[in-house]
Amino acid sequence: MPDFARMSPTKRKTRSPKRAVSDRTVDVDLLLDGTDIATPTASVPATILVTDSPSVRSSFTSKPPRTGMQHPSAPIKVGVLGATGTVGQRFITLLSAHPWFVVDALGASPRSAGKPYRLAVNWKQSTPVPQAVREVVVRECKPEFFAECKIVFSGLDADVAGEIEEAFRAADLAVFSNAKNFRRDPHVPLIVPLVNTSHLAIIPQQQTLFSPPLKSGFIVTNANCSTTGYVIPLAAMERAFGPLEAVMVTTMQAISGAGYPGVASLDIMDNIIPYISGEEEKIEWETLKILGGLTTSEAEDADGNGKTGTGTTTMAFDMHAAHPLRVSASCNRVPVIDGHTECVSVRFARRPPPSPQQVREALAAYTPDAQTLGCPSAPRHAVVVHEEPDRPQPRLDRYYQDGAGVSVGRVRQCQVLDVKFVVLANNVSIGAATSSIINAEYAVLKNVVQL
């Protein structure tokens, strides 16, 4: 649990923990809005979605929003923390054309504060600095400069993100973070928007940890870029065929994942670096939190009478404990600019396991709630399945759906586990800023963000 007292020592206090005496599985979708929005497992189509030509890519169609979901009627003011950094620039690029969100405030280090954004930033994106933010004056990352914002996107480095994001949450702002600082927090959802948006149900509990409870403030994190790409097909397989028992993943990660200026050219050119500090541990742990469910525990009543149905109910991430999952990751840095490629082998609990053809069909049919609810930044199709033996490739496939979806190929039988495949994800899009933006869109549609 984070040190909430450090954030606001005079006003914010954690509640005393209560002993849990019983556990049960919670219907998280009902907790979000009173409506079960879980997409049922449906029969998959006989055809496989394949991007073997531009015409196939342009033929994708979005599903309409579910009945009762209202899009915002007025622009929503948002802010960006770490606005001059690589992730911050990506946030600004994506938000510049967003149909709901309008950038109202930009935050960066004290040395950038007070300057127009165009002078404060060393712009590294392929498109020009958006006109709407060129003259916006950069401020320090302090909540008082973001008072008009409903949502704050954090592209801060981990070295500074923790304390700053805590302060913004304490100021009752909704924080959607790309930083790693709160991913392991037991009250903060770690969300891949094409997988586990239902974990937003824990946010009311996060808000009650403060005294008085927060009304609008919370933190949501997205996952590590290498975790994000491969858990999407894993989630599709678990939805169709039940729990997985074991996963082995070997990553070939692009140099942009190391940030700017990244890996030294003499280290990465004509080379592969078979070590990325902390990366394997992140993948192995984050996978369990993302694919696992939420459980509820009822505490004893204050008078000590035990569980009577009137005690406090708390939620917790079960870390896939109901069906233990073993994950083994090996991570490598390769001389590719953008796009993480991952070779994955899986074992299913189900016996006999599904065939490779069944897996292909399930991946092609996978439709996450972020898509069906009409989140504007969600891909029109979460997973594209290739039949060509030499796909996916970073150069050819990393910009599928503007990098918001993932590409899967080489789905085949594994002689050690059950099925193996290759997945490609754009690490600077769905692996970073795009995920945070879709998370925020979903939270708006589900009224988690108070407008």
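Including glycine, each Cβ sits where the backbone N, Cα and C put it.
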**OP:** Tell me which range among 1-22, 375-396 TrEMBL lists as region 'Disordered'.
**Re:** 1-22
**OP:** Using TrEMBL as the reference, determine which range in 55-74, 335-354 is annotated region 'Disordered'.
**Re:** 55-74
**OP:** Tell me the residue counts in helix, strand and coil for the domain 'Semialdehyde dehydrogenase NAD-binding' (77-203), as DSSP assigns them.
**Re:** 41 helix, 26 strand, 60 coil
